[in-house]
Structure formats: C-alpha cells, structure tokens
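Dropping a structure here in structure tokens format, bear with me for questions.
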C-alpha cells in the first residue's frame, strides 16, 4: 500500500505518507534519520529486510524512545523473532487492509458531508428564488 512506486522499497515520501497514516507525522529531517538508522545498503530507501530491522531493534531496546522508528515500531507492534518474515508479512498485509478500510470509511463520511453541503446550498437557492418571486407579488 505504501510502496507507491511498486519497486519493493519504501522511499522518503512513501515513509512520510505511512507515518502520517499511522498518526505519527515526522519532519523531513526526522524521516531521513529514520531511513539512515536502518539503511544497511545506503540506498536511502527501506527494503523489506531493513523494514523488519526496525522491529528487531525495537525488541532489543536499541531505538531511542523519542525517535520516529520507535513510534513506528510501537504503532505497528510485531515481534519479528517469534512471527518470522512470513508472519510479519501477514501482519503488515492485515495492517494495510485495516488502514485501507479506515480510509474508505473516511471517504464515505466525506461524501456524505459533501452531499449535505450540496443539499443545503440547493435549499438556500430555492429559498432565495422563492423570496424573489414573492417580492414580485407584493408590488
């Protein structure tokens, strides 16, 4: 879901979107530091292996409490040592689906709000047209 480029990596902008969706937005510099902390191949993006490294470091207590990676690990909560790669993959797929479902729900609410605004505007226009018509009869 967050790999917008579908290249198998999470780059800076994709990480930014992910952190915003998880409710822990980061600064540009904070995002760069997050990637830098687990970027083993120094390509400035996260592979799946590097992504899992975040959770291993969190489990080992190697992440600073106020870091973006700590926030990501806390919000996602998975024990890679017990779940393994396949378990982690399933967990993240379920997490992504839950976020997608939430987004769809939010979109439905926004659509309802837009419809209510449209109906209110139409009512306002009908009242204005009625008052205009009414004023011609009063003369």
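Quick reminder: no glycine exception, Cβ is built from N, Cα and C everywhere.
Owing to the predicted nature of the structure, the values given are computational and were not obtained by experimental measurement.
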Name the residue range among 70-101, 102-133 that TrEMBL annotates as coiled coil.
102-133
Could you give me the DSSP helix, strand and coil counts for the domain 'EF-hand' (1-25)?
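Reading the DSSP string over the domain 'EF-hand' (1-25) gives 10 helix, 1 strand, 14 coil.
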